[in-house]
Structure formats: C-alpha cells, structure tokens
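J.: Take a look at the following structure, please.
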Amino acid sequence: MSKARVLLKPSSLTTCLTRAKAFFSSVSQSRSISHQMEMGPSDSERYCYDPVLRWNPEVEDYFTKAYGPDHFARISKALTRPSSYSCIRVNTVKTTSDAVIEKLTKILNDSEEGLKLVQPDGSSPVTKCQIPGLDYVVFVNGSGPHKIEYDSGLENPPKEVLVSRKCAEAVLRGAQVYVPGVLACTAHVEKGDAVAVCVAMEQPGDEGDWSVNMTRGTTLQGLPTDPYYRERSGLYIGMGTAMLSRAGMFRVPNGIAVDLNHRVFRLPSLHNILEGEIFLQNLPSIIVAHALDPQKGERILDMCAAPGGKTTAIAILMNDEGEIVAADRSHNKVLVVQNLSAEMGFTCITTCKLDALKSVCLPTTLNESTILINGDNSSSMTSHSELSSNEEMTSVTSRRSEADKSCEKNDSTEQPNGGDNVSQAYIRKNKGRLKNGRGRTQCQGGRAGKSQGFPPNSFDRVLLDAPCSALGLRPRLFAGLETVVSLRNHGWYQRKMLDQAVQLVRVGGILVYSTCTINPSENEAVVRYALDKYRFLSLAPQHPRIGGPGLVGRCEFPDGYIEEWLKPGEEELVQKFDPSSELDTIGFFIAKFSVGPKD
C-alpha cells in the first residue's frame, strides 16, 4: 500500500506524465518518419517525369571511361527525352519547302495541338533549316518539359493508366496512347475520365534478366500499398482523357485508349500528313546522304536500305537521275522501301532482296543476273555490269593484314570468356521474339527470289548504314539488355559487312559508314579496323559538317581485350552527333572513306 501511495504523489505523477509524453512523442515522430519512408517521395517528386536510364554496370563503366563521367551523365539524361523539334525532309521532286511550310502551318493552326506549339514570341513553330545546302529541310518546333498538374494526394490520387515502355517512347514523340500499349489501369475508369499516364519499366530479375513483372489487365491502386507504386514514381508523361472504359481498354484490339491533351513534351504528330511530299527523318540521317555526295547518273548501293529514308534522300540529291540499288535481307522490308519510293515518285530506285554479308559475288560463283523486285512485286532479271578487274580484287580479298589477324585473335579469345553472357543475351532476345509473336518484318506472303550479289567494283558509291545497337535513338527509357560482349559483337558483325562494302566500290569511289549508336565499338573501332586492314582507304572530309569529333585513343577491358579507336588528326574527319549537344539530335556516327588504288 505504501508503494502505491508513493506513486500517487503529485510530484511523482507529474514526472511520470512528462516522461510518458516524451516517449509517445518520440514514438509518433518515429512512426511519421517510418510512414514517410513507406510513402516514398512527395507528390511533386512522384507525379513528374524524371527517369533514370538504367545500363548494364559493365556497359556503364565502359561508356564512362570513353566519354568521362560528367559527359556520359549528360548523354544518358538527354537520351530519356525527345528532341525539341521534328525534322522533315521535303520531297523536292514533287513540291517546295515554302509550299510545305505553308501547308503545315495551316494544318497546325486548324488543330488544338498547333495552338500549344506557337513560340513564346508568337511566331510559327514551322521553320526552314538554316544550314547551307539543307533548305529542303523543315523543322517543326516543340516544347517541354512542361509541369503537369495532376490531381494528386493520398486522399484523392489520380486515376492512372500504365503503358509499356515502347508505347511511352512513341507518346513522348507525339503519338497518342493506343490500346495495345496499355498494360494496367486503375479500377472504375470510365470513358471521359481524367487519367494520369505513367510508364511500366523493366525491373531486374533474380537470374540477371529484365522484365515488367506484370500481367496485362492488372488493377492499379494508386496507394503505397500498391506493389507497383514505387516503380511508377517519376515516370508520369501526362494527363489525358480516357477514350474507353477500363473494360474497353482490355477488350478491344485497337484504337485510342487515352487522348493525351496535357503532355510533358509537346511535339506534333505528323503521321499520314502530306504523304509523298514530306518524310519525317532525323537530321543526322539527312546529313548521311550529303556525306555520300551522290552525283547525277552514278550507280549507288544502299546496302541496308529499309525503311528507305536514306535511299530516297539520296534520290533527291541525284534529282532522280542515275541508279540506286536499295538492298535488304527481308522481303517485307524491301516492300516497305518499294512503297515509299513509289509514294514519293522516284524512278531511279531499284529494290533488291540481299543479305549484306553476301553482297559480293566473286567470278567463280557469279551468275549472269540477279533477281530484283520491281514496284509491282513481280520479279525480273537485271544484268550486272562487267567485272572491271578480277585480278585486282582477288589480291584484295586474299590479302590479310595484321589488323585483320589481330581482330580474329581477339574474337577467338573473347568468345570463351563471354560465352555465358552471349548465351544469356541470345536467350533474352529470343524470349522476346516468342512473346511478341511474328513481327511485321517476317514474310507473310510469297517469298522474293534471292539476289546472287554483285561483282566487285560495281558501284560508284556505297552507303553502309549498318544494323547496330541503336543506343543513340531517343527518347530511350531503358538500356539494360546490352552487355559489353553484345556491344563488341555488334562491331564484329559490322566489320564483316564493311568487308563486303569495300569490295563493291570502284577505285576512286566513295564508301560511307554510319550508325545510330553512341557505342565506340561500333563507331571509332570499326573505322580503325577499316583503315588498318585496307590501306587504300582514307578518311575524307564531309560536307556539311555539323557533328562533333570522334574519340581518339584506345580502351583496355578487364578481360585483356584492347579496342583501338581513332588516331590524332582523324577525329575531325568523322562526324559524331551527341544527344546532349546544342543540336539536340539523336546519337549518330558518320565516316566517309575515299577508295584509292586496290593493289
């Protein structure tokens, strides 16, 4: 009893209450901090567009060494955003730049989209390119990033539509949100509802693979308890109006799911506008045609021509006079080039189904003809020009330089070390093919006859716009699948195509090599290979020159592989387009070679 009476003394009770308040206050603060940690970022940080481009760690280390940490960080940031303008090439065979500018201005003025694109000073967003020689190029200026007001907050989170990464990348370039791109949606979304559009990004798996880890049709909750809540933070690309109910989005096969009327980046959608008169094309791709410098009456080969943008750009510079052979290994891709050529009204383009790795037909296997595909999809026989110097090219193809032997040595020593990585990359790629089904590039009808290739020295100029890792394309929201080994393999594959291209250019001709990647293994390293192996090749000046210099030096990898780049003095003879530069283009690389005597 005495102890109980002591506890009830006023002074002791006051002390206990004070301590209790302090204790519960600390508990409350702890819970608040814990709650904030569970909540993650604030609404302003969550409902915004601030993606971080994820790379394979070894690839990130390689690029950091090549470009420097600050420069590579700027490149990575720029890749997650679209260019601030759309670049249009005018088909001068049919129309003029002034006529196109007038038509585009009217089209944009008649649309709600156009009002949002008017420049701050009130000027039109449609302008003519001021680079000398490119007056047939038109820019349509966009804007962004814009701050979007989302109806956010825990008490009233916005209804959300989650789209695939590839859908989001198209939307950032001006497209609408179409049904096939929708992966998940908030419950009870009805037609006409305001919805926030966010992006589903690939997440790392337990076995080193990447996947979205979500079944199409998943219901989003919009609360911290949602298992996908954190993954969407900083990946909101705009607010729009649902054109279908939730049920409709997962029931119908196509159509617009969300009309995105408030975008982080505002770029006009120019799909199906002025067909035959204009072609939407990145500025560096137009520069490639100028680097080739085609002349009227010449015979040109575009080795990897699809979808035909560079082929038709070359035709414009030749004023549709001469012969352009547009080759591609896929039947359906060849048809795409045909259709574009017909749409733009060119007669100098002949399409040909041909694997770039089998482009050269040597005298021992030469057939008198090659099968080409005409515009009416029928096959005809077209004779090749005669082989000008069999002995000349025999010595070229048989001679093995020290650089070639070194490359083969590196190739043979690398494969065992990177075998597991190569297998994993192969498995991932084929998983995607199986999941996505037949692609549009897979032939769905009759097969076109295969070309037998061309004799050496058949062309005045050759363009090799090689298949590549495409790590310069933007916007790009994910880059984690490429490994150092896969990037190196891209370069070896391109060297094999270059070996073919070199043989097809006549003495005194021009060879242009280009890629849409920032990977030095596919750019500077391929140029080094070509110059060391073929002593009759030399880098030639390019006009216009608006890109930056290439990389000089070398890179030594942890596995002992040494990759040689450009030598001092060569860097200014190539053009490297940096996504983070003021030009605001995609990442791109162009090298132009003059072909000397092949002896």
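Backbone N, Cα and C atoms are what each Cβ position is placed from, and that goes for glycine too.
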J.: According to Swiss-Prot, C304, A305, A306, P307, G308, G309, K310, D355, D465 bind S-adenosyl-L-methionine; so which of D259, D328, D499 is the extra one listed there?
T.: D328
J.: On the DSSP side of things, how many residues of the domain 'PUA' (158-265) fall into helix, strand and coil, could you say?
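T.: So the counts come to 18 helix, 43 strand, 47 coil.
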J.: Using all protein chains in view, find how many other C-beta atoms are within 10 Å of the C-beta of K310 (S-adenosyl-L-methionine binding site).
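T.: Around K310 (S-adenosyl-L-methionine binding site), other Cβ atoms within 10 Å: 23.
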J.: Do me a favour and check the Cα-Cα span between D355 (S-adenosyl-L-methionine binding site) and C516 (active site, nucleophile); whole Å is fine.
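T.: Each residue's Cα considered, D355 (S-adenosyl-L-methionine binding site) and C516 (active site, nucleophile) end up 20 Å apart.
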J.: I'm trying to understand the geometry here, so how far is the Cα atom of G308 (S-adenosyl-L-methionine binding site) from the Cα atom of C516 (active site, nucleophile), in Å to the nearest whole number?
T.: 15
J.: In sequence order, which residues at least six apart in the same chain have a CB under 8 Å from the CB of A306 (S-adenosyl-L-methionine binding site)?
T.: D328, S330, K333, V334, V336, V337
